[in-house]
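Report on the following structure.
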Amino acid sequence: MGMFVLLLYTFLYAGDLGHGAEKSFPVLNIAVILGRTRYITERDIRSLWTRDMSLDFDVNVVTLLVNQTDPKSIITHVCDLMSGTKIHGVVFGDDTDQEAIAQILDFVSSQTFIPILGIHGGSSMIMADKDEMSTFFQFGASIKQQATVMLNIMEEYDWHVFSVITSNFPGYRDFISFIKTTVDNSFVGWEVQNYITLDTSYTDAQTLTQLKKIHSSVILLYCSKDEATYIFEEARSLGLMGYGFVWIVPSLVTGNTDIIPYEFPSGLVSVSYDDWDYGIEARVRDGLGIITTAASAMLEKHSVIPEAKTSCYGQNERNDPPLHTLHNFMINVTWDGKDLSFTEDGYQANPKLVVLLLNMEREWEKVGKWENKSLNMKYPVWPRITASLDSDHDDNHLSIVTLEEAPFVIVENIDYLTGTCVRNTVPCRKYFRLNNSTTEGTSVKKCCKGFCIDILKKLSKTVKFTYDLYLVTNGKHGKKIKNVWNGMIGEVVYKRAVMAVGSLTINEERSVAVDFSVPFVETGISVMVSRSNGTVSPSAFLEPFSASVWVMMFVMLLLVSAMAVFIFEYFSPVGYNRNLAQGKDPHGPSFTIGKAVWLLWGLVFNNSVPVQNPKGTTSKIIVSIWAFFAVIFLASYTANLAAFMIQEEFVDQVTGLSDNKFQRPHDYSPPFRFGTVPNGSTERNIRNNYPDMHQYMVKFHQKGVQDALVSLKTGKLDAFIYDAAVLNYMAGRDEGCKLVTIGSGYIFATTGYGIALQKGSRWKRPIDLALLQFVGDGEMEELEKLWLTGICHTEKNEVMSSQLDIDNMAGVFYMLAAAMALSLITFVWEHLFYWKLRFCFTGVCTGTPGLLFSISRGIYSCIHGVHIEEKKKSPDFSFTASQTNMLKLLRASKNIANLSNLNQSQCNSPKRTSDYIQRNSLLTDMVLDKGNLTYSDNRPFQQKDIYSENTYDLAMLSANCPKDNLNNYVFQGQHPLTLNESNPNTVEVAVSAEAKVNTRPRQLWKKSVETLRQTQGSVNENGTEESKSSIKNQRFLPEDGHFSDVSEASSRATCHIDSENNNKHRKSKDNLKKRPVSAKYARECSEVELSYLKIKHGPNRDKVYTIDGDKEPSFIMDQPKYSENSPDQDDEDYPDVYQDHNDNYRKTEPLQSDRTPLHSEGRLPNNDIQYKLFSKHYNLKEKNTSMSDANDRHRQNSTHCRSCLSNMPNYTGHYTARSPYKCDDCLHTGKLYDIDEDQMLHEAANSMHSEDFYEHNWLENNALHFQKKNKLRINRQHSCDNINKPREHDLGRPPRSLSLKEKERYIQENPFAKFVIVPPEKLLGNNASLFTDSLKDSKRSKSLYPDNSSDNPFLHSYQETQKLSHGRSSSDIYKQSSLPKARNDNYLRSSIKSTTSYSSRDGRVPDDMCVSEYALPYVTSNNSVYSAPRVVNSCSNRRVFKKMPSLESDV
């Protein structure tokens, strides 16, 4: 029993808990009240709401459909509903346009604090003033919001001038106030003409009077729907409802869209809440969602839903609503992804508004939408709809279509700040389709300007019309496709536009469909190309002049000017070549064609090159004229060079549409690419005239001009064909001016732009007259300057200087590289020709005269008038008696010439002279390439036949004379030339020894022997080595008398005979000036081997020391360079006089042949005197006497005869100086030189056999040679400045006297004069001379001056580096070898090595090799045969010649 009671209690408790929990779940009751005009049932309304499981309360929807919507019925239904059910919110909608319903609902909400939503009809209409306690919300827009949309519509269509008409309906003050505030604070140029408020309670007369004040075409109306009917009726009577007037009203006037009063005009614009896209069902659902969302937010925040008022009846208490009432949460609501918020006035914050238009069918048409504060209109141009009751229509407002194409029509966006178009632009509409599948889209307001827009504005003012402008939809000018026109032409043809203004080309096809005005712009077809960066050609440095100019320049230079200069100079009486021919300036420079070309070439390019200017007056005139030409030529070249070295931009050159690049584009690589914009006059022209060209260019068509410009710049297109006016503008405005039109805008198929009008339009004539007036007044020209002229056409690009890169100068470097390569080839060919081929060209290979030799000889013969005789080979025949005698005579002459080459020991040798003649090389043999005493390669001498070339020997005697640089010559005048058959390249010249005038004396040699005798150092008495001798040593030796060196047997005359003829050729120089080292020393010196002579069976071989003359000289003369162990020569038999008693070779030092007993080395004073003795560098043995003993031997008071060297005791001059006096025996001839000296020498030689001769002299002088080996020798001073190094034995010697007329001046002015006038007491000692032999019996021959040929190119002349056959070189003073001691059975042997690189063609000793005179004593017996050295001028490069016996005198 107890258990049953417990279970029952448990069930009951659980049931109580469940019942209590169910009561605690809140319920939200919402009432939906709708008028029965709507076809909707209560079930439909309940089905709109489904339970939302996310809510914490239950929603109970209470529906009520009413038939009566008058204010009393509405209040009754709402109060009854509230009394039966606790209502938390009400959703109310009706089908009326009575704003009184909204006012009643506003009153009920303020009394019951129940939130009420007016979603449709009168409940949603505008209320002017709501109660402060009102909780009434409306699905609609406020007065301010609708006024904003109305202003945006006027701004969209640029209706800036308007008027405002209102009634006394509540809210009109708010409407007027908002309009005024917006206009005053806006950047748009609004202009409100009138604000009119009509009182509809008064008579019609007052209303009409106020309406007459309106003059604007746009009117804003604010009133109720009933009042609007009255006002429209009155306005119609005043003509304010006609064509061109626009009325804009709010939703208050429109009301129920299903009810349209008759008085409403067609074209009425209304701003209403969106009923088309926002139906009653959607509004009911959104109303329920707003209330439930707000209740949920309140329950979440306060955990309670406030109890609603249960009855409308009772005491009216005006208490403030609680702070947590439901309507406070309904202000900011977002539901189902929609923003359903409300403003404080109870209107939606973002309402969906639409723009309605009452069309011709008297139906409301949706033409615009306002959403998210943005207005989108349907029509680009507002349709001018005329009311059906209007009798007349206004045709002055035109619809005009245009096409965007700069500079004629330029489209810009509106100003974002003002929302309108700026000044100088007009509004235009651009239509955008929503998608390609439908024609629906929206129009966007744009701003248009340009050349055609300015013309349109002028026409509008002149012709008096207004217009709406819009852009063509397909962006084309107009083309007929399948009998349907598109583009602007289609708009005009199908009367959607009255006219078309833009870059519309007039053509025949279009003229059939539309009418065109007169052309206002001349245009046609042009071609645009892009500039491309060019490259500089390698030959750009030649491009300043054309090829013909360069050819003419070289022709004038080489063939005309140079030849003329040469010819006039050659035949000029004062020219170079004439002076050579007449002998006025022998050996002087000649003026050749090459020098003429070089002179003119240097003048052209202004190079400072050494040139030889002509002397002739005529040739100087030609050169002066050429110099003037060179100035102009070089200036023109320099001025134009910079332009051609700059990288010019490359532009494709096209001559026209018929150009090959257009007609045959595949002929070019890559193919030429060109195109145009389709559906235009340009394409039509090309298609009709050039079908093949059109077929090719279709694949390169461009969508527009801008796309074409981009393709040109990026290289996708090579040329763009289009209207010339457009292309010229684009080229002028292009950034960087990279785009150009060919031919500076050359036009093909000239035509013009015109305005298209409908066929038979009444506007054609007025527009034509206006356009002609613009052209005549110059207004059209001003517009063209403003719009059609670009910056690239008016402004010149600034020329910027830039560095010339390697690319700019590549051509010049290529030329230099080619010149270097050509030089290398020429260098190789020159050496190949010189070493391998030239012998064949000169005839050596064939044995006959070569081609070059024959041509050169012929030219020389023609120029100089010299007859050339071909010397034929002598036939074999037996000699007659006279011929035999002549051969003997020639043989004797050769023997005589050879005897002069013998030294003292050879003359005193017991051997016969004929032995020397046969064994040794004769003078003429050496001339005839018969070799030297010993060949340089130690080959034995090969004897040549001397009989076949006797006459040739004589000719070669003079040929060996080198050229005289001072123009002294022997062979003057014209001489016959004969060809030597044995040597085909040698020409013989007949020589005359007769003296000629115009010869010139030699100058005084500046160098003294003391300077030449510097050596390694000096050894003082203590044996210490002193420093090298300075260059400031004694430089002058006393010379002979005035003409001591001028031989009467010489073949030239002295200068004092005809000195006046030579003054112009030679100027006196200050010979004491320091000269450069290159002038003081020779450019070459032969290498002399100074060796000991060896005996044939001698067991010992001494070392051979060689002085290398090729070493480069220095200013301070270094010691000679010696080379040991030079290759020995082949042994030969020498005379016995060269061996000592023990058969040893040169055991003691031999007596120097160039010393005299009078001038021994021991005659110098003590060491404090400036003259010092130095041992000879080739004296290897110890000396037999000391230095002090040697000095004592030199003191004496006597002198000698300068000719015969005999003793003259009364001479008080310098004891070391050569005597300037002659003895009485030598003065009897009265001549400077007597040929008898040579005869005496030869007679003496013939009076004694050679063996006895040598033996006799040796026995007589043997003791003297051993005692006097240290005596000072007297040498003839050698000339030439090219002396390399002094000899040791010449150092410290006193100077010789000077010769010629400058002797006194040199002695006075020379800084070394003190050495010449040293007091005798310092030079003479007490010791007597060791020698008492007299010199009176001795005779010495003087040498001749060198006699030079007159530069005959066919005579062998010898270089400065080559030895002379009968004279001495400039370095012979170093080459005086000492004589060996007196022994029998030894032959003289010497080895000579030439330092020149020249070698004869047969590989033997060079032709120019000669033997220096090694043993030439100054003091000999009466029978001595010798030849004295002589001096040559130091200012020239003359050689020293030995005295040769006169052939004519001997014969």
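Keep in mind that glycine also has a Cβ here, set from the backbone N, Cα and C atoms.
The following features are taken from Swiss-Prot:
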type	residues	note
SIGNAL	1-20	signal peptide
TOPO_DOM	21-547	topological domain 'Extracellular'
DISULFID	CYS79-CYS312	disulfide bond
DISULFID	CYS421-CYS447	disulfide bond
DISULFID	CYS428-CYS448	disulfide bond
BINDING	SER503, THR505, ARG510, SER681, THR682, ASP723	L-glutamate binding site
TRANSMEM	548-568	transmembrane segment
TOPO_DOM	569-592	topological domain 'Cytoplasmic'
REGION	591-612	region 'Pore-forming'
TOPO_DOM	613-617	topological domain 'Cytoplasmic'
TRANSMEM	618-637	transmembrane segment
TOPO_DOM	638-808	topological domain 'Extracellular'
DISULFID	CYS737-CYS792	disulfide bond
TRANSMEM	809-829	transmembrane segment
TOPO_DOM	830-1451	topological domain 'Cytoplasmic'
COMPBIAS	1055-1073	compositional bias 'Basic and acidic residues'
COMPBIAS	1100-1113	compositional bias 'Basic and acidic residues'
COMPBIAS	1138-1149	compositional bias 'Basic and acidic residues'
Which listed residue (CYS312, CYS428, CYS447, CYS737, CYS792) has most other Cβ within 10 Å, given these are disulfide-bonded residues: CYS428
Distance, CYS428 (disulfide bond) to SER503 (L-glutamate binding site) (CA atoms, angstrom): 17
DSSP helix/strand/coil residue counts for the region 'Pore-forming' (591-612): 12 helix, 0 strand, 10 coil
Nearest recorded site to CYS421 (disulfide bond) by CA-CA distance, among binding-site residues ARG510, THR682, ASP723: ASP723
Model confidence over the topological domain 'Cytoplasmic' (830-1451), averaged pLDDT: 47
In three-state DSSP terms, the structure that ARG510 (L-glutamate binding site) belongs to: helix
Shortest C-alpha distance to SER681 (L-glutamate binding site) - which of the disulfide-bonded residues CYS312, CYS447, CYS448, CYS737, CYS792: CYS448
Inter-residue Cα distance where the pair is CYS447 (disulfide bond) and THR505 (L-glutamate binding site), in Å: 24
Residues of the topological domain 'Cytoplasmic' (613-617) by DSSP state, where helix covers H, G and I: 1 helix, 0 strand, 4 coil
CYS792 (disulfide bond) to CYS79 (disulfide bond) - Cα separation in whole Å: 84
Tertiary contacts of the topological domain 'Cytoplasmic' (613-617), as residues 6+ beyond its ends and Cβ separation under 8 Å: 565, 568-569, 572-576, 591, 596, 599, 623
Nonlocal residues around ARG510 (L-glutamate binding site), in sequence order (Cβ under 8 Å, 6 or more apart): GLY478, ILE489, LEU504, PHE516, SER681, ALA756
Cα separation, CYS428 (disulfide bond) to CYS312 (disulfide bond) (Å, whole number): 60
Where SER681 (L-glutamate binding site) sits in the secondary structure, as DSSP reduces it to three classes: helix
